[in-house]
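K.L.:
First the structure, which I've put down as structure tokens, then a few questions once you've had a look.
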Amino acid sequence: MLPQIPFLLLMFLTLVHGMFYAERYQTPTGIKGPLASPKTQYFIPYAIKSKGIPVRGEQGIPGPPGPTGPRGHPGPSGPPGKPGYGSPGLQGEPGLPGPPGISATGKPGLPGPPGKPGERGPYGHKGDIGPAGLPGPRGPPGPPGIPGPAGISVPGKPGQQGLTGAPGPRGFPGEKGAQGAPGVNGRKGETGYGSPGRPGERGLPGPQGPIGPPGPSGVGRRGENGFPGQPGIKGDRGFPGEMGPSGPPGPQGPPGKQGREGIGKPGAIGSPGQPGIPGEKGHPGAPGIAGPPGAPGFGKQGLPGLRGQRGPAGLPGAPGAKGERGPAGHPGEPGLPGSPGNMGPQGPKGIPGNHGIPGAKGEIGLVGPAGPPGARGARGPPGLDGKTGYPGEPGLNGPKGNPGLPGQKGDPGVGGTPGLRGPVGPVGAKGVPGHNGEAGPRGEPGIPGTRGPTGPPGVPGFPGSKGDPGNPGAPGPAGIATKGLNGPTGPPGPPGPRGHSGEPGLPGPPGPPGPPGQAVMPDGFIKAGQRPRLSGMPLVSANHGVTGMPVSAFTVILSKAYPAVGAPIPFDEILYNRQQHYDPRSGIFTCKIPGIYYFSYHVHVKGTHVWVGLYKNGTPTMYTYDEYSKGYLDQASGSAIMELTENDQVWLQLPNAESNGLYSSEYVHSSFSGFLVAPM
């Protein structure tokens with residue numbers, strides 16, 4: 001059965017091929033060839049010419065099919081046919097397995113997707129304790145915490161006697177008691193602990209001391225008084241004559257009315273006279289004004305440990321390195337006042353201190369009567385300029401001489417060294433107690449500071465030996481100046497001889513207006529009530545600009561870092577202060593010309609935060625705060641326009657001791673400026 005299958009297939013193909021051949025290659029025209037396609041070709045039948053008569057025979061009977069020819073070569077593959085119509089046939093049986101292929105290493109495939117997280121494993125065993133880590137850097141100070149609830153007060157056991165507390169505030173001076181008997185000289189007590197108290201109020205001026213003996217006679221020739229001539233005929237106004245010697249003081253007349261405030265330039269300070277005879281040793285003076293607090297230290301605060309038992313006192317150790325500044329602790333309660341000790345012996349005279357802060361300007365005194373004009377003396381020949389001598393000790397003040405002729409402006413002299421401070425005078429009598437002042441306005445609340453933990457008290461060391469007297473401290477903050485009562489006028493002293501002419505001193509403060517002069521002066525010279533001129537320009541123009549508007553301006557620099565807290569900051573290096581309205585010793589600007597002013601300040605911050613305020617007459621006008629970043633140098637500035645009247649005062653001040661990191665040095669300047677914008 002199987003060998004007949006290929007034979008039947010060949011027979012089927014032969015029949016199909018024969019039917020296709022008969023239909024394709026037999027045409028009705030009798031022309032051999034393929035039929036024309038009705039779409040692409042058009043066949044036109046035509047008759048073939050021949051020499052004979054065309055005879056067309058009848059179609060014969062088709063002969064029997066010939067034998068099957070040999071199978072031809074497979075033709076070229078035709079174009080793909082159109083998709084047929086019909087349902088797909090049944091799936092054939094799987095073929096025989098093919099021969100094994102050649103194995104070769106394939107390329108690595110793409111990474112698969114991440115697997116699902118596995119289940120949580122069991123807890124491992126506890127590991128050993130690791131080594132202690134290094135201490136981390138100090139973090140920034142945290143915000144102040146919420147105050148905790150009030151604790152339950154339980155009376156505790158009485159503790160041991162505490163250390164002597166800080167001295168309390170200075171009380172009011174009591175009434176002068178009767179003089180007691182001198183006590184036995186006691187031993188000198190140890191140096192106490194505590195911050196210096198605030199300077200007390202200024203006492204009333206003491207009684208005027210006795211007049212000292214006149215100084216030695218100065219070297220020089222005094223002209224003889226000429227005889228008064230007879231009055232001649234009044235002629236033309238002549239040149240001013242030499243100023244004659246001052247006559248003897250006349251009897252004191254009745255006090256006149258207070259004159260108007262004069263306009264003038266302060267005269268030059270007179271030359272120091274010959275040293276006088278040293279007087280007797282005076283009484284010990286009152287303690288000086290406390291100096292400003294020192295620069296804040298820097299220290300790292302440790303954790304408070306448990307209080308141990310008190311051990312034996314050890315030897316005093318060597319001074320350690322300066323640590324970082326710790327947080328300020330709370331002030332302790334004032335201790336009980338101790339019993340007064342016996343009066344010790346009088347100590348040796350201390351080193352003269354620096355000049356104190358100038359007091360308030362006193363009232364203008366009464367104008368005395370003018371003395372009679374003296375006779376004109378002969379003018380001596382001018383002497384040669386001598387070498388500059390060393391500054392002598394201050395002598396006794398002689399009588400005020402008559403003003404001389406205006407001299408030419410000399411070259412600026414070399415600034416002399418400040419003289420030693422003279423001995424303090426005797427204590428004056430007790431003044432009349434003043435009235436209690438009205439309560440001032442309540443200040444604005446300050447920035448809350450961070451509260452640090454209180455450390456345990458240290459073991460007290462052995463008392464050290466008495467140290468050498470220290471250098472005089474810097475002047476402290478300005479005290480509250482109270483106006484004292486005018487003391488009685490002392491008797492006039494005998495006139496001393498005229499001393500040598502010294503070098504011109506620094507210009508002094510303006511004095512009270514003098515009485516109107518009676519001397520007749522020619523044109524071109526100073527008259528009573530006339531403004532002095534210098535080089536054709538009024539001296540009052542130093543306070544006026546080019547346009548005639550009044551001028552008041554200053555710019556100053558702070559030379560030392562970390563100024564005192566609670567007092568005006570003394571900017572002591574002057575860039576411009578021609579009108580002298582700013583005082584570099586106190587750091588206060590005093591308004592002399594009422595109007596609108598502009599103030600500005602620029603400060604640097606280092607070590608801790610800074611909180612600086614602009615004050616007007618003791619009241620803060622505005623604040624500037626800068627939070628310090630460790631390792632950096634910050635800046636802060638502020639400015640304001642203010643309306644000032646005469647004698648108003650403006651300054652900069654640090655109101656808080658915990659925010660006092662105001663820094664200034666030789667190359668990093670903190671400055672303060674102000675100027676008049678428009679007068680009123």
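Residue 1 is the first one shown; counting continues down the chain.
Yeah, the Cβs are placed from backbone N, Cα and C, and that goes for glycine too.
If you look up Swiss-Prot, you'll see ASP626, GLU627, LEU633, ASP634 marked as Ca(2+) 1 binding site, on the strength of similarity to another entry. Feature annotation from Swiss-Prot assigns compositional bias 'Pro residues' to 137-147, 207-216, 506-516. For 303-321, 373-382, 391-409, 423-433, 442-453, the entry in Swiss-Prot reads compositional bias 'Low complexity'. According to Swiss-Prot, the compositional bias 'Gly residues' annotation covers 410-419. Taken from Swiss-Prot, the feature region 'Disordered' covers 54-531. Among the features that Swiss-Prot reports, region 'Nonhelical region (NC1)' is placed at 520-680.
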K.L.:
At a 10 A cut-off on CB-CB distances, which of the binding-site residues ASP626, GLU627, ASP634 has the highest count?
P.N.:
ASP626
K.L.:
Non-local Cβ contacts of LEU633 (Ca(2+) 1 binding site) (under 8 Å, 6 or more apart, same chain)?
P.N.:
HIS604, VAL605, LYS606, TYR663, VAL668
K.L.:
I want the residues beyond ASP626, GLU627, LEU633, ASP634 whose C-beta is within 8 angstroms of the mean position of the Ca(2+) 1 site's C-beta atoms, in chain order.
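P.N.:
Near the Ca(2+) 1 site, the remaining chain residues are HIS604, VAL605, LYS606, HIS609, VAL610, TYR628, SER629, TYR632, GLN635, ALA636, GLY661.
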K.L.:
Indicate whether LEU633 (Ca(2+) 1 binding site) is helix, strand or coil by DSSP.
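P.N.:
Note: LEU633 (Ca(2+) 1 binding site) is coil by DSSP, not helix or strand.
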K.L.:
How does the model score the region 'Nonhelical region (NC1)' (520-680) in terms of mean pLDDT?
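P.N.:
That stretch averages a pLDDT of 85.
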